[in-house]
Amino acid sequence: MKLKTNIRHLHGSIRVPGDKSISHRSIIFGSLAEGETKVYDILRGEDVLSTMQVFRDLGVEIEDKDGVITIQGVGMAGLKAPQNALNMGNSGTSIRLISGVLAGADFEVEMFGDDSLSKRPMDRVTLPLKKMGVSISGQTERDLPPLRLKGTKNLRPIHYELPIASAQVKSALMFAALQAKGESVIIEKEYTRNHTEDMLKQFGGHLSVDGKKITVQGPQKLTGQKVVVPGDISSAAFWLVAGLIAPNSRLVLQNVGINETRTGIIDVIRAMGGKLEITEIDPVAKSATLIVESSDLKGTEIGGALIPRLIDELPIIALLATQAQGVTVIKDAEELKVKETDRIQVVADALNSMGADITPTADGMIIKGKSALHGARVNTFGDHRIGMMTAIAALLVADGEVELDRAEAINTSYPSFFDDLESLIHG
């Protein structure tokens, strides 16, 4: 598709779609709880719809009516063997978390996904699940999907140190631990998003968190709840950057989730000198209104414990860095290589084709700014965040056209992205 270029300003106020991580987990917890769960403001992107369909296939009644998702929970032991293989679509979150959920189910399943998911290694979650007594295997020594899994009612608790920072692996092991008899201990390498911990408590579960050490005593029962999903800061990130780098711009983003494990991009914007205001903070919902304005930016260094707090935002942060004076270094981010694409290489190739100066490294990028961007043809390779990054980059292009191939990938997380972009261009 041909993207909008050379815009004069961005103005307006929007509510970004519901948080993808919380949306996935609300369906999972609602299904495993006893009683009814109602979920408001859920993200209806393709990844979350995949999770919803998987739990329907596992025998859970889920109704989507009048903007509210109603889940009739079946309890920890109530899932039923599916008639067919479970389709996870493009969703790494779905296949990893649901592997943990099915660890205690005494039936065999096959889980598969699209071409992109089939290239993503699952050994980081299959290895610890095997230690708990689960029979699970995939293709090659990295356990690429499709996966075959047979759970067990005699799930063993686990004491496990995560070799990488991964909220998905941590969450999969927590779901498994809820079904094991005894105490499981999970130790994180770095702090990662803690939505699973928060929602476990919300649904009446128990755990203790001591620094990076999480202890779960199993088995447990959960109780259905009302869940209100805040806006996704990973989706808001595209507008935060757009408002900072587009000329004569001011954007107001309402009801954005600001869980402290997800706000690394706010730290980066401030380090780069961006104009960012946080107002209307709701400490219970962990949400706020974010306001950004066009800014003069400077390069910075991004690495270490900051990386898990902004791993999904690094593509759009790379674009931000191309519009900052000086050098920005992104390091300790080798995890980018096993996302929907190798995001280190694909981001560098896409932005360099538009005139940026980015050098890929083994664990990140070196970005020299400030760059004038020009027209190009960019392929998302099925990666939603590459698509949205390119659409924001195109706004700055004064010379030439920007063509985006496989733009439909954006529907994975933000189906209304181009509608919101139009409203801000004309605001």
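Going from the start of the chain as shown, residues are counted 1 onward.
Each residue, glycine too, has its Cβ placed from N, Cα and C.
According to Swiss-Prot, the protein has these features:
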- Lys20, Gly92, Arg120, Gln168, Arg343, Arg385: phosphoenolpyruvate binding site (BINDING)
- Ser21, Arg25, Ser166, Ala167, Gln168, Asp312, Lys339: 3-phosphoshikimate binding site (BINDING)
- Asp312: active site, proton acceptor (ACT_SITE)
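Recorded features from Swiss-Prot, shown on the structure.
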residue : record                           : DSSP class
Ser21   : 3-phosphoshikimate binding site  : helix
Arg120  : phosphoenolpyruvate binding site : coil
Ser166  : 3-phosphoshikimate binding site  : coil
Asp312  : 3-phosphoshikimate binding site  : helix
Lys339  : 3-phosphoshikimate binding site  : coil
Arg385  : phosphoenolpyruvate binding site : helix
Between Arg25 (3-phosphoshikimate binding site) and Gly92 (phosphoenolpyruvate binding site): CA-CA distance (Å): 13
Long-range Cβ environment of Ala167 (3-phosphoshikimate binding site), under 8 Å and at least 6 residues apart: Ser21, Thr192, Arg193, Asn194, His195, Thr196, Pro308
Maximal Cα-Cα distance (Å) across residues annotated as binding 3-phosphoshikimate, namely Ser21, Arg25, Ser166, Ala167, Gln168, Asp312, Lys339: 19
Integer Cα-Cα distance in angstrom, Ser166 (3-phosphoshikimate binding site) to Lys20 (phosphoenolpyruvate binding site): 16
Whole-number Å value for how far Arg385 (phosphoenolpyruvate binding site) lies from Asp312 (3-phosphoshikimate binding site) (Cα to Cα): 8
Cα-to-Cα gap, Arg385 (phosphoenolpyruvate binding site) vs Lys339 (3-phosphoshikimate binding site), nearest whole Å: 10
Rounded distance in angstrom between the Cα atoms of Arg120 (phosphoenolpyruvate binding site) and Arg25 (3-phosphoshikimate binding site): 21
Chain-internal residues, separated by at least six, CB under 8 A from Lys339 (3-phosphoshikimate binding site): Gly92, Arg120, Asp312, Asp383, Arg385
Lowest local Cβ density (other Cβ within 10 Å) among binding-site residues: Lys20, Arg25, Arg120, Arg343, Arg385: Arg120
Distance in Å spanning the most remote Cα pair of Lys20, Gly92, Arg120, Gln168, Arg343, Arg385, given for phosphoenolpyruvate: 19
